[in-house]
Amino acid sequence: MLEIILGVFFFTAIVVALVFVILGAKSKLVAEGNVEVLINGERTIHVPIGSKLLTALADNNLFVSSACGGGGTCAQCRVQVLEGGGEILPTELSHITKREAAQGDRLSCQVTVKQNMKIHVHEEVFGVKKWECTVRSNRNVATFIKELVLELPAGENVDFRAGGYIQIECPPYDCKFSDFAIEPEYREDWDKYDLWKIESHVKAPAIRAYSMANYPEEKGIIMLNVRIATPPWGKEGTVPPGVMSSYIFNLKPGDKVTISGPFGEFFARDTDKEMVFIGGGAGMAPMRSHIFDQLLRLKSKRKMTFWYGARSLREAFYVEEFDRLQAENPNFKWFLGLSDPKPEDGWTGYTGFIHNILYEQYLKNHPAPEDCEYYMCGPPMMNSAVIQMLLDIGVDRENIMLDDFGG
């Protein structure tokens, strides 16, 4: 019995000693406490060692754009690290060239704060704010697209430029597609593909970016066009649906939603050149924002055309609004193209893919398509097809502006 007691005693003593050794080593090898991060040579923040730079900035109300929520894939959270950032990581090299890296460009979501740092961020970051908004409405405008309207707190406004975007946050959640409020006229395909059985289970907070559909004079609100991201056909049990789009589709009037912004690069140039807008799907959002801003706020007299592609009339939205703008503004024309019109549509307008319609019905006989400015947002295949068509007819790449968010 004595031997057993002694054995237990010595074993416990050894374990306790090892714990103290490990804790002592940790105190020597692992830095703790806070360090200073100097931003733009003006503002200093105190940051816990081990934080990601993106998170540290957000904790100090400096919201750097990050459409992927810090996953290192969107490359929007770029900052310049002038001192203290360590070596650039392999995860950053696919987004940052050697020349840019030599200038200190880094992805803030990939930079771990280990020592005092000096960084430079875009001035617009200092104007980015965060709000808790209230859902005013969340209606379908197409089979798989919602128009989400958020009300800002009383007296608040997002000071944005047309073509800008916000980031929306979602907490961990569980939802069933069967709980979505889908209007009766849009349920046919949901029934056909039995989408009601899909569920979304999200265990960690997420952030995504969405272009705004409202324009700056529509104050006090944020309007988004959001397409639901469903799993590939036959993969419903193994591939999850879109994290943020499922969350948004499940929102009801009165729900609270946290957003931050404004951000943006997809802005109209201040020239007299003709503007050609091309959109499809949820890419309608920045198109609406730009066109409304040009015609209603700026009273622009620039020549403008808008080419929007949809499958059928059911998938086309804001038709009455654009019809009214066209009637009231002689410098603006808009054209709808349907790729798969339904018999009940009685469609006599343009049919086919929008890049072909744009070329055959307009640019083919345009006296100088290379002198126009092109603004586009839509599904990836549409974007690629339009860009290639424009390059083929001699348009410089610098005159092709693309918003990758809205599709």
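Each residue, glycine too, has its Cβ placed from N, Cα and C.
Residues or ranges marked as transmembrane segment by Swiss-Prot on the basis of sequence analysis: 4-24. The domain '2Fe-2S ferredoxin-type' annotation in Swiss-Prot covers 33-125, and the record cites sequence analysis as its basis. Sequence annotations record features per position, and here Swiss-Prot assigns [2Fe-2S] cluster binding site to Cys68, Cys74, Cys77, Cys109 based on sequence analysis. Taken from Swiss-Prot, the feature domain 'FAD-binding FR-type' covers 128-269.
In sequence order, Lys52, Leu53, Leu54, Ser66, Cys68, Gly70, Gly71, Gly72, Cys77 are the residues near Cys109 ([2Fe-2S] cluster binding site), counting only same-chain partners six or more apart with C-beta under 8 A. The DSSP breakdown of the domain 'FAD-binding FR-type' (128-269), given as helix, strand and coil counts, is 22 helix, 57 strand, 63 coil. Shown for the domain '2Fe-2S ferredoxin-type' (33-125): DSSP residue counts in helix, strand and coil, namely 19 helix, 27 strand, 47 coil. Long-range Cβ neighbours of Cys74 ([2Fe-2S] cluster binding site) (same chain, at least 6 residues apart, Cβ-Cβ under 8 Å): Ser66, Ala67, Cys68, Ala209.
Note: the [2Fe-2S] cluster site is recorded as Cys68, Cys74, Cys77, Cys109; in the same chain, Leu54, Ser65, Ser66, Ala67, Gly69, Gly70, Gly71, Gly72, Thr73, Ala75, Gln76, Leu107 also have Cβ atoms within 8 Å of that site's Cβ centroid. Comparing Cβ neighbour counts within 10 Å across the binding-site residues Cys68, Cys77, the minimum falls on Cys68. Summed and averaged per residue, pLDDT over the domain 'FAD-binding FR-type' (128-269) gives 96.
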